[in-house]
Amino acid sequence: MPRGGKKGHKGRGKQFSNPEEIDRQMKAQRELEANGGVEKEEEKSSGSDDSSSEEEDINKKKSGVEGLIEIENPNRISQKSKKVTELDVNAPKELSRREREEIEKQKAKERYMKLHLEGKTDQARADLARLAIIKKQREDAQKKRDGLKKEKEAEDSKSKR
């Protein structure tokens, strides 16, 4: 049996590029090579911001080894930076699953404690019943002590006479 913790990738799903997308990219590359930098100036004057920003990301000068090696990886996701004007500071922040569960747990605990203090939970009812029994037992014991004390005082007063 082989040792080591490395496992194969046989179960992973494969991603394939759309043929139309590949053709469109190849056309754009050919036009870029044929026109040079003229295409960029025409797009800026036409006013199509969305398409020009996408092609600027593709056409930007690659630094280091990226400029020497041409890589066509359809699985690679290019990171697009957001502009300051696109950022929404007032938007509610998405909470992680753990944070959401923690908040829900705290709210549930607070609701339970509120109901418990009002005496509406089963545990609160059981506690109140137990307290009532204990209170009654204490009252009975107090009455019994008082009765014994009165009897003792009565005997003492008879013996003194």
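Glycine residues also receive a Cβ, built from the backbone N, Cα and C atoms like all the rest.
Annotated in TrEMBL:
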- 1-13: compositional bias 'Basic residues' (COMPBIAS)
- 21-47: compositional bias 'Basic and acidic residues' (COMPBIAS)
- 94-105: compositional bias 'Basic and acidic residues' (COMPBIAS)
- 73-150: domain 'Casein kinase substrate phosphoprotein PP28' (DOMAIN)
- 1-105: region 'Disordered' (REGION)
- 137-161: region 'Disordered' (REGION)
- Integer mean pLDDT for the domain 'Casein kinase substrate phosphoprotein PP28' (73-150): 89
- Message: Treating G and I as helix alongside H, and B as strand alongside E, what does DSSP give for the region 'Disordered' (137-161) in helix, strand and coil?
- Response: 24 helix, 0 strand, 1 coil
